[in-house]
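Asker: Can you keep this structure in mind? I'll have questions shortly.
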């Protein structure tokens, strides 16, 4: 099958990290050298009690994956804010200090894809999904891709390897849907040869011909810490013939039995790494949501127990099916509600509720509301996660604020318009029009939360901080967004209930919304 081959920057070699949207990234930069202009050691450490090499290691990781614009040009305050965000993704306490827990978590195997895309200082059109992160031969709301394994590892039986690959592709094809949303059909077939395949899968060591050398078993030393690259994947928009291909480091010891990996073992769990890499091959970027398959850090979860998160699903739907009301509302909760929580504590027109949860902590520092699991992701099994979710649903009351667009809160309307203009690349006129929907949604959400019969779930609070890189970026899809606006306008002209009608976002709407949203 012919592959699409526009100009595009290489996807970062992936050592694996994973909500809603997809753009290709450049290859990882080399670790930043130490200079005399770097932050003073006492400012970097902040009381964390770790050595200089550990601090430089964490700073290098933060710059490499997009949390810092440049470690030579960050003020102590900027560094601490970026570090707290990095700690949130690492699932350790957001102390703002480089401590042992942060160093340990940052040393775990992960994907080399960038986590955070730094915004341009001026409005320039970024590469769109259709150019860099979407298969060009997708037809309508369906895409058919062929895969082939050209070079196997000797660690796993070949037949068993093919079975795992089939299951991993089936995971994406069977779960990439949301009730009452447009159906995107993903079809995967095994090709008869490498030349016929869209996605070529192989194992290799060291320099293997694609400019992204593997680092060998257990990785390489960075400072006094190891950085370990397990695999890398190329986005659909990368130059042929590598676009869509997935490579694994054959110097590692690969395993398909989940009982053989984990604490005290250097074996790498192939099924989960592969499932994550397929997301990149489909054009999905990383998500900061720990529950998402596209979160950048590996988990040892059996493939038959992996559940795609709402971020993963919306990434596929938006990429191949176009703009979606539901996914836009998810974006709204991430981009508008989260932004409000990062800048407002007790503003007029804001409703809030407190948390009585026993197995999560809340931290407030420098104006940012931070929400964190007490235990690291590496120790959380799938069964633990299910039990925790059910327990949290019973005990949760929430701890986030909901902004409201009102006559005495014009700043919230202005924020919404700015987000829509820059984030969705809408014109000022379209942004003002869509802001009506935004404000109606927020008003309805506020009323729904204050309803005495309301029983919120853990997922509502989690999503306030769960901005996935995939769903958070809508560039290149503004035409589809404008279609949603026009559709809402036509509904209003026909006197039909729609998002431009404040009564549209009622209890029934939010009950249905969160029924799917909290899965």
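Even glycines carry a Cβ here, placed using N, Cα and C.
So Swiss-Prot lists the following for this protein:
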BINDING   111, 276, 280, 286  Zn(2+) 2 binding site
BINDING   208, 210, 232, 247  Zn(2+) 1 binding site
COMPBIAS  29-39  compositional bias 'Polar residues'
COMPBIAS  391-402  compositional bias 'Basic and acidic residues'
CARBOHYD  341  N-linked glycosylation site
CARBOHYD  408  N-linked glycosylation site
REGION    29-50  region 'Disordered'
REGION    391-410  region 'Disordered'
MOTIF     109-116  motif 'Cysteine switch'
Asker: Within 10 Å of residue 111 (Zn(2+) 2 binding site) by C-alpha distance: pick out those among the binding-site residues 208, 232, 247, and say none if nothing qualifies.
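Answerer: Taking 208, 232, 247 one by one, the ones whose Cα falls within 10 Å of residue 111 (Zn(2+) 2 binding site) are 232.
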Asker: Mean pLDDT, the motif 'Cysteine switch' (109-116)?
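Answerer: When the pLDDT values over the motif 'Cysteine switch' (109-116) are averaged, the result is 75.
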Asker: Please report the DSSP secondary structure of residue 280 (Zn(2+) 2 binding site), reduced to three states.
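Answerer: The residue in question, residue 280 (Zn(2+) 2 binding site), is helix (DSSP, three-state).
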Asker: Within 10 Å of its Cβ, which one of these binding-site residues (280, 286) has the largest number of other Cβ atoms?
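Answerer: Checking each of 280, 286, the winner is 286.
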Asker: A 10 Å Cβ contact count, applied to the binding-site residues 210, 232: which residue has the minimum?
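Answerer: Output over binding-site residues 210, 232: least Cβ neighbours within 10 Å is 210.
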Asker: Within 10 Å of its Cβ, which one of these binding-site residues (208, 276) has the largest number of other Cβ atoms?
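Answerer: For the binding-site residues 208, 276, the Cβ with the most other Cβ atoms within 10 Å is 276.
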Asker: Mind tallying the motif 'Cysteine switch' (109-116) by DSSP state, helix then strand then coil?
Answerer: 0 helix, 1 strand, 7 coil
Asker: Quick one: pull the CA-CA distance for residue 210 (Zn(2+) 1 binding site) versus residue 276 (Zn(2+) 2 binding site), whole Å only.
Answerer: 20
Asker: Between residue 247 (Zn(2+) 1 binding site) and residue 280 (Zn(2+) 2 binding site), how many Å separate their Cα atoms?
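Answerer: Spelling it out, the Cα of residue 247 (Zn(2+) 1 binding site) and the Cα of residue 280 (Zn(2+) 2 binding site) are 12 Å apart.
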Asker: Should residue 208 (Zn(2+) 1 binding site) be counted as helix, strand, or coil on the basis of DSSP?
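Answerer: Going by the DSSP assignment, residue 208 (Zn(2+) 1 binding site) belongs to neither helix nor strand, so it counts as coil.
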Asker: Which of these binding-site residues has the least crowded Cβ, counting other Cβ atoms within 10 Å: 111, 247?
Answerer: 247
